[in-house]
Amino acid sequence: MFGSPKRAALAAASLLAIFGNGPSVMAQETSSNNAVVADGKTFALNGENVSYRFRVNETTGDLVSDHFGGSITGDLFPGFGAEALGGWVGLAGRFRREFPDHGRGDFRIPAVRIRQEAGYTVTDLQYQSYSVIPGKPALPGLPSTFGSEEDVTTLVVHLYDNYSSIAVDLSYSIFPKYDAIVRSANVTNKGTQNITVEALSSFSFDFPYEDLEMISLRGDWAREAHRQRRKVEYGLQGFGSSTGFSSHLHNPFLAIVHPSTTESQGEAWGFNLVYTGSFSVDVEKGSQGLTRALLGFNPSQLSWQLGAGETLTSPECVSVYSSDGIGGMSRSFHRLYRNHLIKSKFATSDRPPLLNSWEGLYFDYNESTIYRLAEESAALGVKLFVMDDGWFGDKYPRVSDNAGLGDWVPNPDRFPDGLTPLVEDVTKLKAGNSSTDLRFGLWVEPEMANPNSTLYHEHPDWVLHAGQYPRTLQRNQLVLNLALPEVQDYIIDEITNILNSSAISYVKWDFNRAMHETPSPSNDHEYILGMYRVFDTLTTRFPDVLWEGCASGGGRFDPGVLEYFPQIWTSDNTDALMRITIQLGTSLAYPPSAMGAHLSAVPNAQTGRTIPVKFRGHVAMMGGSFGLELDPAELQEDEKAEVPGLIALAEKVNPIILTGDMWRLRLPEESNWPAVLFISEDGNQAVLFYFQLGPNVNHATPWLRLQGLDPKATYSVDGNGSYSGATLMNMGLQYKFESDYDSKVVFLQKQ
């Protein structure tokens, strides 16, 4: 017990011995752009508006966190840990630890837990050395951000446990222009006995004692990405996925903010795991008020054995800092992902307006039906026609969701001569009154198999299964085990054959169920590594194909998928009112350029709601990939007459959506008049999306203040005169709406 003043003083001295006194900077190595400054004792990463500092305690070799926030220079004020007043004190748990290991007196959740062959889970990871690398190495087998030596600098800190011969390398890559620090960790077995990694975080940070709040994205099928903001309480709180994919339930995104932080003001820290598998986000406020945030593998889905010389690499975690509120945080993510994550040539290229056959026809079609739909699509001005589920399966034809998955050959009853004649006929059609040929796209779900399929009958061992336990069906299908190289090769070969057979310029890659009955905890990560190999091989082999990710909507809307697929279907819910919430929630981390959004028929297939076509179109064109999800023959004549104009408007705004900055002016959770402003990359153009959700009877409409404009410049506002940026931001503008579900799209031009 530390009941006496003498014992309290001794305890305080012990704390300082473990974690040192205040830090000072540096007789040091400095990168050419000053982004990394290090001397082996103290480390600093510097962006345009961010500083990240940590140090080594020279007595123990522990890494201690000092600062992650606004830019700082020079020496740091000498802080101290919590005083050891009366009572039992867990020493390590009272200080800010940069990469907390397990079993040495820190009883908060660790960043790493490793079981040795003897059963021990204690690690004593001490600082050994560091290296500074211009640019950024890729992660083996995993998606990762990229950049040149001018864009990014990487610091690698090497830790070592002398007792177990376990090495951990911590990687910090800073993109100064984006105030972004990307972290990952390697665990290497340098000993002779096997070890098992049971927990590993890509990112960990201990915030100082402050009142903080956390923001996450929760949901389920058809209601993804609902923003949730709550106070960080004492104790452990967090979320994650154990479904085998990032999932609709929780996105691998976290923001930490102050209670006073708003969209446009205050500090915000954002974290996003570049991973598509099961994950864990943990936030723990310890007894001393320090808040620990960790993102990484889900420990319940990880038991990774390492033999001598073997290494486990964690996914990357992107962290950004903004002093310009939650909106500033989002814009940093958007810019970074557009320029340094998405590798597709389509990352910032105009996306063709498309029509997808699903909600128009579902499974009920044949060659003539599809051609008729393509003809009507082209007449409206659509430039890409997509044939969704139902085109494949020979012995087990895909006429419902009961059969066919896994057999990627055209259904001979529907397409007796294969797809080639259909594709040739469709791609001869002209979009609207233009000379542009209609393009052809296809839906696939290659990671699945129906029990009613030739593939399953020939290879029942290829699906996920746990011995003799029943194989649980979901949507009448099973998951192929992409941990198996032969399964990966099969998928690569089948999709290659399809794309080589016809002029297919777009692929929608779906994934419609969770993973059950996995054979081992490590299988989840092995699956994801296999999936990334498939994605990388096919997107490299077919760089001119526009790939779109999907998982029953936004179930895999994560940075891992974005590296390979430049756009993702945001939600199966196409109801325009709900889509505003879903799309603005998704935009907390992900660029609107990556969102697939479609104008669908009414009453809406998911909600039964009827909303005017103009409102539906305006909501959909806020996504980078605008499309239609309907049968034009079923439209009312007045609706059909409006669609070509909406397609033309979507094409006009698309370049700004793809490369510009997004400002969420009002949120649908907080206002009857949500509004979003997009400003072009050069600042010369802007487009405002402004909505009225419910009726506004006998009451004034509020003024709307814009953001992000040049206060000294003058802007013309869609035929309503010219005004200074200062006037538009400080006074605002006001519009009259006619009814519920009314909307406006307003263009601004800098003069």
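Note that Cβ sites are derived from N, Cα and C of the backbone, with glycine treated the same way.
Quick look at what Swiss-Prot annotates:
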type     : residues : note
SIGNAL   : 1-27     : signal peptide
CARBOHYD : N49      : N-linked glycosylation site
CARBOHYD : N57      : N-linked glycosylation site
CARBOHYD : N162     : N-linked glycosylation site
CARBOHYD : N186     : N-linked glycosylation site
CARBOHYD : N194     : N-linked glycosylation site
CARBOHYD : N366     : N-linked glycosylation site
CARBOHYD : N433     : N-linked glycosylation site
CARBOHYD : N452     : N-linked glycosylation site
CARBOHYD : N500     : N-linked glycosylation site
ACT_SITE : D510     : active site, nucleophile
ACT_SITE : D572     : active site, proton donor
CARBOHYD : N720     : N-linked glycosylation site
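N194 (N-linked glycosylation site) and D510 (active site, nucleophile) have their C-alpha atoms 38 Å apart, to the nearest angstrom. The sparsest Cβ neighbourhood within 10 Å, among the listed glycosylation sites (N162, N186, N452), is found at N162.
For the pair N162 (N-linked glycosylation site) and N186 (N-linked glycosylation site), the Cα-Cα distance reads 17 Å. Annotation note: N500 (N-linked glycosylation site) sits in a helical segment as assigned by DSSP. Separation of the C-alpha atoms of N186 (N-linked glycosylation site) and N57 (N-linked glycosylation site): 22 Å, rounded to the nearest whole number. When the recorded positions N433, N452, N500, D510 are compared by Cα distance to N720 (N-linked glycosylation site), the shortest distance belongs to N433. When the alpha carbons of N433 (N-linked glycosylation site) and N500 (N-linked glycosylation site) are compared, the span between them is 30 angstrom.
Long-range C-beta contacts of N49 (N-linked glycosylation site), restricted to its own chain and to partners at least six residues apart, with a cutoff below 8 Å, comprise G70, S71, D179, Y321, S322, S323. In space, N366 is the closest of the recorded positions N366, N452, D572 to N500 (N-linked glycosylation site), judged by Cα positions. Its own atom aside, the Cβ of D510 (active site, nucleophile) has 22 Cβ atoms within 10 angstroms in the protein chains shown. If you compare Cα positions, D510 (active site, nucleophile) sits closest to D572 out of the recorded positions N57, N366, N452, D572. Each of the glycosylation sites N57, N433, N500, N720 was scored by the number of other CB atoms within 10 Å of its CB, and the largest score is that of N57.
Within 10 Å of the Cβ of the residue listed as 'active site, proton donor' there are 22 other Cβ atoms, across all protein chains. When secondary structure is read from DSSP and collapsed to three states, N452 (N-linked glycosylation site) falls in the coil class. Taking only the Cα positions, the spacing between N366 (N-linked glycosylation site) and N452 (N-linked glycosylation site) is 21 angstrom.
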